[in-house]
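Novice: Here you go, one structure.
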């Protein structure tokens, strides 16, 4: 924090999170489905990680990337939902100054990490279908390790300035955040400083990273579709597309939920302010709950691995 000795008001040491300021009676009703989804997300991802770790047949680059996605989902979910439930159940609204900006960094950074992981997974499917003979030499364990380092480094470096810029602002007296989580926009608007650069940086960084990931994903699947349409063998095209089905479903769902969240924030004046808050919470909860389930249901090898794991118990 910067010095506030020149100002009569004491520096803000903590924030108060006010979930659904217009409909606080919703909280008790929402706590049950949110807690069930939270347990489902954590349990399903933990099961998937354990299955991939214990089943030797799943020790392949594609499943290592899926493990990375599950790990990111668990961190995102655990960063947001327990605090939301603590507010709903025990009215624990306060969050420390440093804790708020740490949550802000994890939410921004890990969301972009998920997008980047989807992009790497799309490249994996592109090589598998368009260059199957070269797949073993391109998509190796070393490739996955380098990809994981790239995912962490790129998004960490780009989004580290977001909480730093917000933490350096002057928060003169107001410390009530009308949100369940410490989003950059909800927190920075409490400042008595100009926040134009703060908002501009997040907007440019977010759309540059997520936009470039989306473009590369679209290009990968365009090449995959062209390659599949050239396949003449009966049933081969359907089999090739089925290997991409789970991945494409998750990308579509991730992008759709994110798009809806962006639209509702842009149209904030036309809709109740509690709607974007609820969608923001669900965006950190529903994809982590669905990702392992979709792969578990649609991927034969994972389904068999989970069945073996359950028999050991």
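Each residue, glycine too, has its Cβ placed from N, Cα and C.
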Novice: Of 5-27, 143-165, which span is tagged transmembrane segment by TrEMBL?
Specialist: 143-165
Novice: For the domain 'G-protein coupled receptors family 1 profile' (44-295), what's the mean pLDDT in this predicted model?
Specialist: 90
Novice: Taking a Cβ cut-off under 8 Å, which residues six or more beyond the ends of the transmembrane segment (275-297) line up next to it in the same chain?
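Specialist: For the transmembrane segment (275-297), the list is 19-20, 30, 34, 37-38, 40-41, 44-45, 47-48, 66, 69-70, 73-74, 76-77, 79-81, 84, 107, 114, 178-181, 183, 246, 249-250, 253-254, 257-258, 260-261, 264-265, 268, 303, 306.
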Novice: Mind checking which residues reach the transmembrane segment (63-89)? Cβ under 8 Å, same chain, six or more beyond either end.
Specialist: 17, 19, 27-28, 30-31, 34-35, 38, 41-42, 45-46, 48-49, 52-53, 95, 103, 106-107, 110-111, 113-114, 117-118, 120-121, 124, 141, 144, 147-148, 151, 180-181, 281, 284-285, 287-288, 291-292, 295, 301-302
Novice: Give me the stretch from 30-51, 101-123, 143-165, 240-263 with the greatest number of Cβ pairs under 8 Å to the transmembrane segment (204-228).
Specialist: 101-123
Novice: So which residues does the transmembrane segment (101-123) touch in its own chain, when a touch means Cβ under 8 Å and the partner is 6 or more beyond its ends?
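Specialist: For the transmembrane segment (101-123), the far contacts come to 62, 65-66, 68-69, 72-73, 75-76, 79-80, 83, 95, 147, 150-152, 154-156, 158-160, 162-164, 166-167, 181-184, 187, 202, 206, 209-210, 213-214, 216-217, 220-221, 247, 250-251, 254, 284, 287.
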